[in-house]
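Worksheet: one structure, shown below.
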Amino acid sequence: MSTNPIQPLLDVLYQGKSLSREQTAELFSALIRGEMSEAAMAGMLVALKMRGETIDEISGAADAMRAAAKPFPCPERNNNPLHNGIVDIVGTGGDGFNTINISTTAAFVAAAAGAKVAKHGNRSVSSKSGSSDLLAQFGIDLTMSPETASRCLDALNLCFLFAPHYHGGVKHAVPVRQALKTRTLFNVLGPLINPARPEFMLLGVYSPELVLPIAKVLKALGTKRAMVVHGSGLDEVALHGNTQVAELKDGDIIEYQLTPADLGVPLAQISDLEGGEPAQNALITEAILKGNGTEAHANAVAINAGCALYVCGITDSVKAGTLLALATIQSGKAFELLSQLAKVSGEAHVNGQERGR
């Protein structure tokens, strides 16, 4: 199919000018439909990268991908005063560190503490073991149907949504992204296109320069409340140093720093959080969720779960959130939740409910 309809938009980019939100959505819609050549795709991504993507351009790309995503049937939002919305705990990846699966493990803890967590994840980007790599170790079906995932969210407070299962059109960009061998707009899009459309987000970014822009994008996309964080090199709240935060609340964005002391836990070394292959990380996650993890592992997970609990309104401060997360870890409830999710996932698969996707 001819790429002529989008050529004028590409020409704008090649001239070093920016596109509107609607124009960017039009370009990315063409990409998702498979109507853009790989050469044009590479040109578009490089032109955006070299100039630096605007808030409108990131928002427009997210609009297109959200619109094209496989629908997710969200359970009733307001059937419980505590559950005034869904939260995601997610990072861009690509921070260059091979840590344990902090955000994935934190999702179990936050859910066991009362949050409704719909975690949007993919296979590994920078570490040896991404969210989906870890879940597979526990027998959690990465391709469970949207209906089964929704039932898990309703009954267990938690579901995991495997990005490629909901965003099939992204496959057209894979060869180009692999050939370019550099970060592109796609590296920040993943956390922005959760098909559950969470009202609340704890979103970690790989660069401190992205913290404020991504908070502005979340505001543009209609996110109710969020913390965008970069923790001393990590795409999550840091246990080994300061965390830069841009918090979106009531339509305003405020910037500040958090230290481990602010969260009520001692400083640790980044080496204390080193991860391994999926099988090794699964053992670490299991130990943490049973309350048997190292102090550093438990605290790293708790400060991230705690910030998520704060963002979705279950606690009124990040420190209170961290304390609730630590108590939840010690109770073993988070591991019970993991076991229940694996059981439901396995039963759905065996019963054939996952066929015909």
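The backbone N, Cα and C atoms fix where each Cβ goes, and this holds for glycine too.
Here is what Swiss-Prot records for this protein:
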type: BINDING; residues: G91, 94-95, T99, 101-104, 119-127, S131; note: 5-phospho-alpha-D-ribose 1-diphosphate binding site
type: BINDING; residues: G91, N122; note: anthranilate 1 binding site
type: BINDING; residues: S103, E236; note: Mg(2+) 1 binding site
type: BINDING; residues: R177; note: anthranilate 2 binding site
type: BINDING; residues: D235, E236; note: Mg(2+) 2 binding site
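Structure with Swiss-Prot features highlighted.
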residue	record	Cβ contacts under 8 Å, 6 or more apart
G91	5-phospho-alpha-D-ribose 1-diphosphate binding site	S103, P191, L203, G204, V205, Y206, D235, E236
H120	5-phospho-alpha-D-ribose 1-diphosphate binding site	D88, V90, L161, A163, G190, P191, I193, N194, P195, A196
N122	anthranilate 1 binding site	G93, G130, S131, S132, F162, A163, P164, G190
R177	anthranilate 2 binding site	L45, T184, F186
Across the binding-site residues (T99, S103), the Cβ with the fewest other Cβ atoms inside 10 Å is that of T99
If you count the other CB atoms within 10 A of the CB of D235 (Mg(2+) 2 binding site), including all protein chains displayed, you should get 27
Cβ atoms other than its own within 10 Å of the Cβ of E236 (Mg(2+) 1 binding site), all chains, total 28
H120 (5-phospho-alpha-D-ribose 1-diphosphate binding site) falls, by DSSP collapsed to helix, strand or coil, into strand
By a three-class reduction of DSSP, the residue listed as 'anthranilate 2 binding site' is assigned helix
